[in-house]
Amino acid sequence: MIIFKNNEIRFNSILKSILLLLLLFINGNNCKTAQQFLDENFNHALFREHQLEKEYKTKQLVKDDPNMYSDWTEVPAATAEAVTIMRGDDYYYDYDKEQKIEMIVFGSENAISSGSAQNYWYGQTCEATNFNNTPTTTCPNDCHSYWGQGQCNETSSTCICNYFFIGDDCSENVDPQHNWDKMNCNGGRYCPPIYNYPTPRSCVCPPGQAGLECTVCLNNEGCQALTGNYSSSFECNSSPYTYFEKSYSCVVTSAEVNGDLNNSTASASIDCQFPGGNYNTQTGVCSMNLYYRIHGSPLYFNCSFTECDRTILPGQNQSIVCQNSVCNCTTYCGFILDGLISAVTGEATFECGAQTNPDGTSNCLFSQYTINQMLPAIPLQCMSGECIDVATGAPTPPPIYPVPVASMSFLYIYVGSGVGFIGLTLLIGAIFLIFSLQEDRKNFKEDTHLVCELSFHNISCYVNERSGFFGKDVKRKQILDNVNGVCPPGQLTALMGLSGSGKTSLLDILSGRKNVGNIDGKVLINGAPVGKNFKRISGYVTQDDIQIGTLTCREHLMFAALLKLPENMSLEIKQQRVASVLEELGLTRVADNPIGTSEKRGISGGERRRLSIATELIVDPSILFIDEPTSGLDSHSASELITKLKQLANNSTKGQRTIIFSIHQPSAELFEQFDNLILLHQGNPYFSGKREDSVNYFIKQKIAGMTEFEQQNYRMHLKNPADFIISMVTDKNCQRFNSTYVDSRVASPFYQSTSPALSSNSNNSDINLNHHRIINNPHNQNIHHQQHHHHHRHIYGINGPSIDNNDSDSDSDERDHLLASDNINNNNNNNKVKNNDNNNKNNDDDVEDIEEASPIIVVGNQGEPLASHIKIGKVEEYATSFWTQFFVVCRRSLLNYMRNPFLLRTTYFVHIFVGLTLGYLFWKLPANLEPGCQNRFGAMFFMTALLSFGSITSLDLFYNDRIIFIRERANGFYRTSAYFLAKVVTDIIPMRVIPPIILGSICYYMIGLRPGILHFIYFLISLVLTSTVASSMCMAISTISPTFGTANMVSILLLFVFLLFDGFLLARSSIPKYLIGLVWISFMSYGLEIPVVNEFNGLWIEYNPPNTRPTYADGLEFLSTIGANPNRLFTDMYVLLGMIVGYLLLAYVFLRFLVREYR
């Protein structure tokens, strides 16, 4: 044995020298690290040498007699143990118990007290009946002989250790990895494993003691062992209140903390000391050891707290608040977490409930200011014990909290019940109110078809045109100038004129759509001003036929019927109305054909035009406005359409309709079908009256001065009256004939009055046709006139004699037919005329200079007034409720998605493909720093960027359908809010919710992200929220952008800025302070932080740098390096939800107030 010891010393010296030289050669610039590495490897080498020695002895025993140990009867225990380990047997023979012992570890995993558990370890049982391991007189050290770790050599007074332990007292395990985290068992037995078996370490406590470190008393006998005083004056107090020195042994029940420890249930030992039993005055100190496993070792970190005070909370719960905190990590923490734990300062709080659980434990809560920045308050389940010397006086009991528990509970119950009752009452009341309003709407009987006469008086309109680079030059442009007229029901009224004459502007003003420019004048319906309900009794067909091309004609009209017909009308009646309109406009043959898109041809142009008219006829409007109904149609289609319109005006089953339309230069066939004509040129009215009178009016101007033969010849060759009328207006010589006509009109029998009202109003008033307005009002036939003396006029550069007509009969004859507008100053011509007419003998000889004016003469019979004027009853602005409009628009949008599935299919295919690709590239990432953490972070960044940029497709949502929305909203189809909500819902659910879920579901487990259903759900929520925020932002941009290119450019620019400041490409610590606001407004920073925190907060990361022993770091350390806050998981979700609401609200405001057709 002496020879062996000498060889051992020689071997150790040689080995240590070789390792030292090798390390110095490899890393000569870092001697300290090399020395540490040498010490660690030397201990391993020593352990290996110890193994070789045991193996040598075992082989020698087996060599002497191979069959000697087959029945395990005579082999010494130490030798048998060594043989068992070397042979790999599952048991060994214990000679003291004379039985075979299985080499397993078992016991109650959830037991806080290890005193009652039987924990076995490889090679030696921890079960003990005698805990008196005191040194003997011959051996100054214990040698842990009872435990079989060593025995005292009385000759040398030293301990001789067995094969598994070393040290002066044989307390150190031969494997150094099992010594640094050795627990202080306070008289109990510490059970470490041997060799490299990953078995639990724990304290086996003596009778009467319990807890992780055997510091909790179970009874009075335990107090005697703990205090070393075997008198009977010590009593064990198991309440959660701390009097002098209380010990708590706790199990951590926090899922987050245990998740950080690789889902191992952590434990904590807490001790608090106070100098006296006075509960209210003295301050004390506390300490805490946080262990990795439920039964203790290894130690994670420990903390000391000072300036601690005890208080009693409601419910008699105890709270210990300490002002100062100091914490230290063990080597188990890792480098990064060591720095974080060492920085712990500030207040710490330890609270325990007065009520105990059935197993005798209490529910407690530990929180610390610095730790709370990374983790919330840590819930604990603790057993407690304190040994109190009653001989020195009983401690002061804790005070009673002022508010009794029962009273507080009843107060909560009363308040909660009251609030709940009030809330329930309000909810029921709101539901009842909404239901009542809906029933009132459904039961409301609207008026039948209204026969309406439309009249307009003194309609003028001008706009300010800006020019120049900066638009500073403003020029006023006259669009309409004092236009008057009457449109009777049952007739076609045509607004005719060349392009730019003001036809569409007048049509827009009459229909209430004109929203640009300054407008003067009055528009009356049956003598009453136009109200908000005008949309319900009128329809407007624009020049452009814009419909959803994927729908059929019947579907298009059915959606219009569902939106514009009353809700009390049954679905069957609405379907009959659709079929009737289709038949009325000759669309039955193509009723089930698609309308057609730019990619796929559908119905013809004429059929589309008739479909646009049919859309407005669904509600049987009293007044129908049509802008250029024959535009783009051939002569046959145009004639057929005008014929249909004439039938609709005069042959309605519910009453006559008033139809007003604009037209350029119709054919003779079309012109003959008009009932009334309003002629405009350059904004000025030239005629307003019956269509047949217009031809005679302009012919008499044309043939004035011709011989009778020339007049007959001219009438014979007149082919198209419309062409003739337009040519008369544009002819430079027209004013010469107009002047002649005005001079001779009094004697013409064509202008004899047929109105008794006007005839009875005959008087001797003088009328100047150029300076006065005679309005044929169908309701009172009042004539406004004024006498002017010695007025002269200049017509397009032609001077004519002034008119001084004193014949009252002539005046009365003309009042029924002439509609003259006021004299308007022409600012473009400043010629002034001085006319000395010697024939005006009844007037003064004074001569007045006047500004040049156009001859505004509007002539014709405006039709007899209605015998009885039908008043417009109570008609609501919209025929259907908000929810009806919402569901109908939702259904139409979804149907459009199904009929045009390319975008939907492409989106789903891309997300499935990307999910599989990411799963393949990042397959089962390991839980290490590189590539595990790097690739996890990269995969999350890629998904965030993909979903954000993929949401640019939302730009089409409101931009492509903008014209349809403007037209339908203007026609009273729906509210802006109902349309907006329907479009948002039908876009977000199929395009922003389902695709991210598909993407995340495919790649989550393929990548190997954190297991657990909650973590998976949080991950999907982050993807959905990110996609929805990006989509909402694009919606807001598209609603306000004038062009699609502008919306696209702004969206991409913002997405790139947000991508740069999301925390992946640019570290937050390196962002300048004046740009840090971009981080807070970047939705990607929140969208990326959620999955990162969800993944790394609780992930145990292996750090394995080259040439060093691998260590483990908490995921919190990684989060701190990238600037992520682990406590912002739910806060980030709330922020993203707020951004969604904010962007959508902004988009709605833009859509409601800024998106409109400027006419």
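Each residue's number is its place along the chain shown, starting with 1.
Yeah, the Cβs are placed from backbone N, Cα and C, and that goes for glycine too.
These features come from Swiss-Prot:
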type: TRANSMEM; residues: 11-31; note: transmembrane segment
type: TRANSMEM; residues: 415-435; note: transmembrane segment
type: DOMAIN; residues: 454-707; note: domain 'ABC transporter'
type: BINDING; residues: Gly497, Leu498, Ser499, Gly500, Ser501, Gly502, Lys503, Thr504; note: ATP binding site
type: REGION; residues: 752-846; note: region 'Disordered'
type: COMPBIAS; residues: 759-768; note: compositional bias 'Low complexity'
type: COMPBIAS; residues: 775-784; note: compositional bias 'Low complexity'
type: COMPBIAS; residues: 785-795; note: compositional bias 'Basic residues'
type: COMPBIAS; residues: 822-841; note: compositional bias 'Low complexity'
type: DOMAIN; residues: 902-1154; note: domain 'ABC transmembrane type-2'
type: TRANSMEM; residues: 909-929; note: transmembrane segment
type: TRANSMEM; residues: 937-957; note: transmembrane segment
type: TRANSMEM; residues: 1005-1025; note: transmembrane segment
type: TRANSMEM; residues: 1047-1067; note: transmembrane segment
type: TRANSMEM; residues: 1074-1094; note: transmembrane segment
type: TRANSMEM; residues: 1135-1155; note: transmembrane segment
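Here the features listed in Swiss-Prot are painted onto the structure.
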residue : record           : CB count, 10 Å
Gly497  : ATP binding site : 26
Leu498  : ATP binding site : 14
Ser499  : ATP binding site : 8
Gly500  : ATP binding site : 13
Ser501  : ATP binding site : 25
Gly502  : ATP binding site : 24
Lys503  : ATP binding site : 24
Thr504  : ATP binding site : 20
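If you take every residue in the domain 'ABC transporter' (454-707) and average the pLDDT, you get 87. One way to see the shell of the ATP site is to take the Cβ centroid of Gly497, Leu498, Ser499, Gly500, Ser501, Gly502, Lys503, Thr504; the remaining same-chain residues with a Cβ within 8 Å of it are Ser662, His664, Leu680, His681.
With a cut-off of 8 Å between Cβ atoms, the residues of this chain six or more beyond the transmembrane segment (937-957) that come close are 903, 907, 910, 914, 918, 922, 983-984, 987, 991-992, 995-996, 999-1000, 1003, 1007, 1023, 1026-1027, 1030-1035, 1037-1038, 1044, 1047-1048, 1051-1052, 1055, 1058-1059, 1062, 1064, 1083-1084, 1087-1088, 1091-1092, 1095, 1122. Classification of Gly497 (ATP binding site) by DSSP places it in coil, neither helical nor stranded. Under the DSSP three-state reduction, Gly502 (ATP binding site) is assigned to coil, being neither helix nor strand.
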